[in-house]
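Enquirer: Here it is, the structure in full.
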Amino acid sequence: MFQANSMTLITGSADQTAKLWNVETGAQLFTFNFDSPARSVDFAVGDKLAVITTDPFMELNSAIHVKRIARDPADQGGESVLILKGPQGRINRAVWGPLNRTIISAGEDAIVRIWDTETGKLLKESDKETGHKKTITSLAKAADGSHFLTGSLDKSAKLWDARTLELIKTYVTERPVNAVTMSPLLDHVVLGGGQDASAVTTTDHRAGKFEAKFFDKILQEEIGGVKGHFGPINALAFNPDGKSFSSGGEDGYVRLHHFDPDYFNIKI
């Protein structure tokens with residue numbers, strides 16, 4: 001995850017660390033050490049805070065850590081400003097809500113949660129009836145931060161209001177969803193996934209359904225797909241200008257897709 005000025009990068013790793021990097025030089029600026037693997041990272045608006053999730057490990061439960069980010073790397077410290085605990089299983093994603101007032105988290109227990117960043121209090125939880133039924137694998141915010149998208153192994157993606165946690169839309173597909181993203185330019189939602197990796201070798205790539213699927217955000221209808229991967233897609237991201245997107249899959253490839261002019265005139 002990059003800072004807004006694209007000068008600093010934060011990464012999380014299974015080696016039980018999260019690291020800050022200088023994007024221009026590749027120099028490592030600081031290491032946050034944990035007692036379990038770091039899963040998800042996100043800079044707050046203003047880049048003065050970062051949220052990092054850690055996995056369950058040995059006797060430790062999954063947790064959400066808030067770290068203060070110093071303007072000068074020489075002043076950087078490793079202590080947590082806030083630690084949030086409670087969800088069962090792994091927390092796969094945690095991101096900042098509007099104006100950094102909340103943190104939105106989701107994971108293996110299939111529940112989306114909104115936390116108060118000042119007090120650490122749990123403010124809202126998604127309804128089990130309308131929410132996801134299986135592990136939430138991915139979470140992506142809209143460019144303006146007003147809503148966000150979740151993808152799940154229950155073969156659906158859901159659009160939520162970032163302040164009220166109201167369910168806005170649901171996108172149904174025929175494969176587990178591992179990655180989601182939204183166009184910053186058009187009302188398009190992209191879902192990526194495919195059958196479980198353990199079963200990939202038993203079928204050819206066409207049966208695995210590994211293409212990125214495009215949906216109309218408002219009408220919830222599928223409008224197209226982009227093929228190319230030979231394994232489940234686990235990562236998706238739009239270029240900030242909305243004119244291209246990238247996908248990363250278990251086949252070991254990252255693919256950069258540039259849209260042709262027809263894409264910007266799709267009619268339903």
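Every residue, even glycine, has its Cβ placed from backbone N, Cα and C.
Unlike curated entries, TrEMBL annotations are predicted automatically.
According to TrEMBL, the record shows the following:
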- 1-31: repeat 'WD' (REPEAT)
- 84-125: repeat 'WD' (REPEAT)
- 129-170: repeat 'WD' (REPEAT)
- 226-256: repeat 'WD' (REPEAT)
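For each feature listed, report its degree of burial, its nearest neighbours and the pertinent distances within the displayed model.
Expert: Across the repeat 'WD' (1-31), the DSSP tally of helix, strand and coil residues reads 0 helix, 17 strand, 14 coil.
Panel annotation: around the repeat 'WD' (84-125), residues 39-40, 42-46, 49, 51-53, 55-56, 61-64, 66, 131-139, 141, 145-146, 148, 150, 152, 154, 160, 162-165 of the same chain, lying at least six beyond its termini, place a Cβ under 8 Å from a Cβ of the stretch.
Using a Cβ-Cβ cut-off under 8 Å and counting only residues 6 or more beyond its ends in the same chain, the repeat 'WD' (129-170) has close neighbours at 45, 89, 92-93, 95, 97-98, 102, 104, 106-108, 110-112, 114, 176-182, 184, 189, 191, 193, 215, 217-218, 220, 236, 240.
Distant neighbours of the repeat 'WD' (226-256): 140, 143, 176, 178-186, 190-197, 200, 205, 208, 210-212, 214; these residues of the same chain sit at least 6 beyond its ends, with a Cβ under 8 Å from one of its Cβ atoms.
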Enquirer: With DSSP as the reference, give the number of residues of the repeat 'WD' (84-125) in helix, strand and coil.
Expert: 3 helix, 22 strand, 17 coil
Enquirer: Where does the mean pLDDT land for the repeat 'WD' (226-256)?
Expert: 96
